[in-house]
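See structure below.
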């Protein structure tokens with residue numbers, strides 16, 4: 001039985017035929033897929049039969065969003081956030097098309113969607129660390145000395161999964177360790193503490209759209225931009241700042257997927273070149289950001305962050321002015337497609 005099948009959309013960015021879905025058939029077939037085709041819209045993407053899906057290419061994005069389509073990246077996996085924008089479901093699971101079903105140490109295939117949903121529907125503990133990790137899992141609990149006043153936890157907004165086989169390394173690390181493979185299966189889910197940023201990878205990621213969807217913008221990157229391969233990192237830094245401010249939780253750990261192929265480290269180095277320098281300034285900036293208490297929604301927080309990005313990061317490169325403007329456009333598009341629900 002698929003967990004919450006009517007409340008989950010699976011979003012997949014791609015430039016190729018989606019044969020990888022065959023391995024996911026038993027797990028993905030009950031769910032609705034949103035496929036965002038990047039690159040040349042005249043190319044036909046084949047989807048295996050038997051899946052419930054909608055496919056959108058660049059022409060569709062331009063038609064649906066009009067002038068606001070300028071905020072959706074081109075030739076970058078950040079195009080996936082178009083799927084986040086138009087979904088009507090509570091939860092999003094997003095996965096890359098080179099990721100396959102992994103097996104746990106007993107040889108059992110891992111249902112990544114089910115584990116992500118389990119992470120999202122149980123609370124997080126960002127304010128006080130539990131040394132037995134996730135206290136809400138079977139066979140675990142809060143340890144001695146954990147404050148009773150904090151044991152109810154907070155709502156979980158983001159579930160960040162991991163990968164076996166090809167690790168998510170940057171180009172310099174890829175070049176130094178070309179044969180390294182991720183073989184350690186760590187059976188743990190951890191809440192990332194408040195005030196701690198992390199490198200969020202978009203290839204095995206789930207989140208609660210209603211809580212944090214507006215802050216899950218993967219930025220203006222890719223074609224024509226000086227910032228590439230940092231779309232998920234940027235979304236991770238920004239969404240974590242918003243989660244911390246709003247008192248929401250972010251978990252990392254299970255589930256694992258099998259990441260099948262390493263991208264070319266030399267191509268990656270060209271793409272990442274600016275980001276490798278800029279991250280050393282961007283991360284301290286995001287670590288130091290304090291949002292005003294008047295910001296009580298993800299949208300308000302994000303607009304405030306757009307203003308701070310423009311004010312504080314434009315000195316690094318004029319690109320950050322364009323990014324800040326795109327962040328505002330994204331929120332305008334989000335509000336258009338996700339109007340506030342009337343009060344009960």
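Backbone N, Cα and C define each Cβ position, glycine as well.
Curation does not apply to TrEMBL; its annotations are automatic.
Taken from TrEMBL, the feature N-linked glycosylation site covers 144. Spatially close to residue 144 (N-linked glycosylation site) yet at least six residues away along the chain is no residue at all, judged by Cβ distances under 8 angstroms.
If you look up TrEMBL, you'll see 144 (among others) marked as site 'Required for activity'.
Cβ neighbours of residue 151 (site 'Required for activity') (same chain, under 8 Å, six or more residues apart in sequence): 135, 142. Residues annotated as site 'Required for activity' in TrEMBL: 151 (among others).
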